[in-house]
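Here is what Swiss-Prot records for this protein:
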- K22, N23: phosphoenolpyruvate binding site (BINDING)
- R93, R122, P123, V124, D125, L126, D308, I330: UDP-N-acetyl-alpha-D-glucosamine binding site (BINDING)
- C117: active site, proton donor (ACT_SITE)
- C117: 2-(S-cysteinyl)pyruvic acid O-phosphothioketal (MOD_RES)
Amino acid sequence: MDKLIITGGVRLDGEIRISGAKNSALPILAATLLADGPVTVQNLPHLHDITTMIELFGRMGIEPVIDEKLSVEIDPRTIKTLIAPYELVKTMRASILVLGPMVARFGEAEVALPGGCAIGSRPVDLHIRGLEAMGAIIDVEGGYIKAKAPEGGLRGAHFFFDTVSVTGTENIMMAASLANGRSVLENAAREPEVVDLANFLIAMGAKIHGAGTDTITIDGVKRLGSATYKVMPDRIETGTYLVAAAVTGGRVKVKDTDPTILEAVLLKLQEAGAEVTTGEDWIELNMHGKRPKAVNVRTAPYPAFPTDMQAQFISLNAIAEGTGAVIETIFENRFMHVYEMHRMGAQIQVEGNTAIVTGTEVLKGAPVMATDLRASASLVISALVAQGDTLIDRIYHIDRGYECIEEKLQMLGAKIRRVPG
């Protein structure tokens, strides 16, 4: 198993390019199954989950054509099987996203219950209930979701999400694009990745209004055609590198990104004492060598502070001046990295869904273990500022969400290297 070794104490300085958003690319790849012609998706990040999704398509009989820039052309007309097997699905929660498109386009699907990060309960019942509202007949047996469309296809439905669900919104929106009649999704997720998926569906000919608000209206169409589409930049990768620069007292310019979808994070970085400047597709952060000030953070659905940036801000508070509270309202069990940070000397108390972080001037390098994707990013950030060497184990978690993390950090001056397991 690969490990990262990081020697801390270097002030980050430089420029990097941001990759395409994994959380946008995965639903967009799933949505290509709705097309009745070839579709090209550009700006895919080079990540394990993306490779797994493309491999899943290969198992179904679709032969994706990939170029060296990781654009992929997919022609779903060659599909031979409508089963998403457990051995592929178990490593990736996003595999549930093929359920809606397959039922809508081909009338049936068999998808293994998904795996992925071990963060609390992420139930798939909203996906199932949404499709049932559209007339699908669904059984969950033997670890598989088996779904069939009614005769004549899925029907438009009015569906209210009991809790805001990004993948639930995406799955039902995709299915509704080819359903008969109008669907209205209430309490829908407003995340930029949902908007990106809607824009891709619209590029294929879907009729969707209200993406980015909590009510999305979809008028089903008979067919969706070919399209070429560029995946949006990754706002969480963007935020992670900005926090890394802030923690080390450095300066970084991130390019090929979008400041408008990261406003809650940028405001908190300014509150921590960072100088932040933005352009149309870039953000520059400069700490001028200062130590950050501790900030209070409360996660909530977009446009509020994103849960996927919570762990990084615990790292920021751990070396900041003062004390900051980080309240997690989206997922339970999302403070697993705190116990690894204790090994580096961080002063963090967890009380329920709140982490109280008292900043310390010095963290010490130590052997630590990544527990999930974003938690592993927080360990990397802490290691960048710690005295001595930090060895991070189980970094396959990092590779699920960050493209070439060591190369990008090296470009900013970090002393980081990968050691093959």
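Along the chain as shown, residues are numbered 1 onward.
Positions of Cβ are set from backbone N, Cα and C atoms, glycine also.
Sequence features, as recorded in Swiss-Prot, placed on the structure.
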residue: K22; record: phosphoenolpyruvate binding site; Cβ within 10 Å: 24
residue: N23; record: phosphoenolpyruvate binding site; Cβ within 10 Å: 24
residue: R93; record: UDP-N-acetyl-alpha-D-glucosamine binding site; Cβ within 10 Å: 19
residue: P123; record: UDP-N-acetyl-alpha-D-glucosamine binding site; Cβ within 10 Å: 11
residue: V124; record: UDP-N-acetyl-alpha-D-glucosamine binding site; Cβ within 10 Å: 19
residue: D125; record: UDP-N-acetyl-alpha-D-glucosamine binding site; Cβ within 10 Å: 12
residue: L126; record: UDP-N-acetyl-alpha-D-glucosamine binding site; Cβ within 10 Å: 20
residue: D308; record: UDP-N-acetyl-alpha-D-glucosamine binding site; Cβ within 10 Å: 22
residue: I330; record: UDP-N-acetyl-alpha-D-glucosamine binding site; Cβ within 10 Å: 19
Round to the nearest Å and give the CA-to-CA distance linking L126 (UDP-N-acetyl-alpha-D-glucosamine binding site) with N23 (phosphoenolpyruvate binding site).
18
Can you give me the Cα-Cα distance between P123 (UDP-N-acetyl-alpha-D-glucosamine binding site) and N23 (phosphoenolpyruvate binding site) in Å, rounded to a whole number?
18
